[in-house]
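Enquirer: Structure below; questions to follow.
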């Protein structure tokens, strides 16, 4: 007997394919809070006799405990967590699979709360169809528009508009027609291939599995029948072969295979393949599946490929069809959905992960934000939680990808915060930027080592960070004078001075502060490449940007120096009168007052300035630098 499971989507689909080689329909349910999404899926499974009797008994017990009397609370089929039951909401995406005599299904129940839109995006990323629920009493709401837009953005082509709780409006045809007309009107801009509207009552089962006698005016199919028979995209639109290598298999010296799951397309013994990044060519000599050798394999299958030639292939490479190669680039345009409570800041360094790559990346340009309610492009300097933007992204090294609209498997990515390791965004790649192909590194005969040898010194970047008024500039100035007397070649980059020229166009918002440090770090890198000892005196309040600066430099070149002066002392000194203005509310985004300062957690040098003369602190830095240089 078929029954619902709660396991990962990949494992579900593999299990279903092994049961029967027929296609699987992957769909999501989404809508506003309390529209009845979990109740609908629970009713669907129960009425289709896909829930065991002992599970039904548990549901009856849960219904009584939940205050619902003897009536079964079908939402509890999916809402398995105690916290969910107590709060009466679905907290995260719940995956289940089931099958009928006509089709097999994977369903994702996604939350309707505004702050959980990211989970809806997770559920939609692999779905073929979206069941979007609408409360017949409330009609089309903001979340209906939001979820419809995200479904379209994430590549879903087919929609069922489930007008639920039809019993609460006395099965009214005019109200149903008005809701459908409004939805069709606004969704016409979203490019869905089909929209099927079904009036239903998930609570009482009307038009869920069986056609309801209470809706004689409705001539269409009930939900389950429609899901069993809906025609999806034509199978002749075959996506090209993409095989991310997850593991190199070397059980002995005579065998070398490449294990992974086929992301898209199909492959057969004898087919030519190419390593996407290197361009090395070969052909498939053997395909090894869990049950043994086979002649061919297709999307979703875990296999080990053995190649006919000895080519350099490593974990993270991608084997592809030579006739339809993916893009390999370090710059591209993408649609980005932001998940995190902390905003996305252009210029900040994040981790970007794809099927094959994990690489440092920066949003170089936020072109605009997309209003998911009105579909209007709006100017923006950052993205807040649940917002969608179109941006240019640059990665530290080239990555392999397809356009998302052509291949969802290899056209998506996630953004990870470098500090917390939390997933903070997800994106869909539109196209590579031509500039990436037109700009190349010029080979130079004189390198950093030659320039450093000429100066008889090793380059370094001394990065002084601390609050305004902490003494950074005074110490930095004394340090440069000291190094100059020692015959060292230096340059001092000061936070105020660079804002008179290079960064004169930047303000003091979080976005501009990030860009300020990005530019300075790049300049410091060039100066270090020239063989100089670079002294940087900047508040640089954010750890992420200081980490970015460190990663730009050579190993051991970056020395973070925390100029630690208490806020009260900085405010007392107030050499430029800025604290007085900030405390009076006349300066916005002032570090330490109205904008945060993230102190270094593990600096190379921690200078506590209270009771110390700047010259003595400068000497302390010089001594540290000298000892560091002697170690190299």
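Along the chain as shown, the residues are counted starting at 1.
Every residue gets a Cβ built from N, Cα and C, even glycine.
The annotation GTP binding site is assigned in Swiss-Prot to 31-38, 109-113, 164-167 on the grounds of similarity to another entry. What Swiss-Prot lists as ATP binding site is 466, 467, 468, 469, 470, 471, 472, 473, and the listing cites sequence analysis. What Swiss-Prot lists as region 'Sulfate adenylyltransferase' is 1-457. The region 'G1' annotation in Swiss-Prot covers 31-38. Marked as region 'G2' by Swiss-Prot on the basis of similarity to another entry: 88-92. Positions annotated as region 'G3' by Swiss-Prot, on the basis of similarity to another entry: 109-112. Swiss-Prot lists 164-167 with the feature region 'G4'. Taken from Swiss-Prot, the feature region 'Adenylyl-sulfate kinase' covers 458-632.
Could you place the listed features in the three-dimensional structure?
Expert: Note on residue 37 (GTP binding site): other Cβ atoms within 10 Å of its Cβ, all shown chains, come to 28.
Taking the Cβ of residue 473 (ATP binding site) as centre and 10 Å as the limit, one finds 21 other Cβ atoms among all the protein chains shown.
Taken together, the residues in the region 'Sulfate adenylyltransferase' (1-457) have a mean pLDDT of 83 on the 0 to 100 scale.
Residues 31, 35-36, 40, 133-137, 176, 199-204, 206-207, 214-215 of the same chain lie 6+ residues outside the region 'G4' (164-167) yet bring a C-beta within less than 8 angstroms of a C-beta in it.
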Enquirer: According to DSSP, how is the region 'G4' (164-167) divided among helix, strand and coil residues?
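Expert: Looking at the region 'G4' (164-167) with DSSP, the answer is 2 helix, 1 strand, 1 coil.
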Enquirer: Using a 10 Å radius around each Cβ and counting other Cβ atoms from all shown chains, which of the binding-site residues 166, 467 yields the largest count?
Expert: 166
Enquirer: Summarise the region 'G1' (31-38) as counts of helix, strand and coil residues per DSSP.
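Expert: Computed counts for the region 'G1' (31-38) are 2 helix, 1 strand, 5 coil.
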Enquirer: List the Cα distance (Å, whole number) between residue 466 (ATP binding site) and residue 166 (GTP binding site).
Expert: 62
Enquirer: Which residues, sitting 6 or more apart from residue 468 (ATP binding site) on the same chain, put a CB under 8 Å from its CB?
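Expert: When sequence neighbours closer than 6 are ignored, residue 468 (ATP binding site) has 539, 570, 576, 578, 579, 590, 591, 592 within Cβ distance under 8 Å.
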Enquirer: Pop the Cα-Cα gap between residue 467 (ATP binding site) and residue 34 (GTP binding site) into the table, whole Å please.
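Expert: The separation of the Cα atoms works out to 49 Å.
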Enquirer: For residue 467 (ATP binding site), name the DSSP secondary structure in the helix/strand/coil scheme.
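Expert: Reduced to three states, the DSSP call for residue 467 (ATP binding site) is coil.
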Enquirer: I'd like the number of other C-beta atoms within 10 A of the C-beta of residue 31 (GTP binding site), please.
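Expert: So the Cβ neighbour count for residue 31 (GTP binding site) comes to 27.
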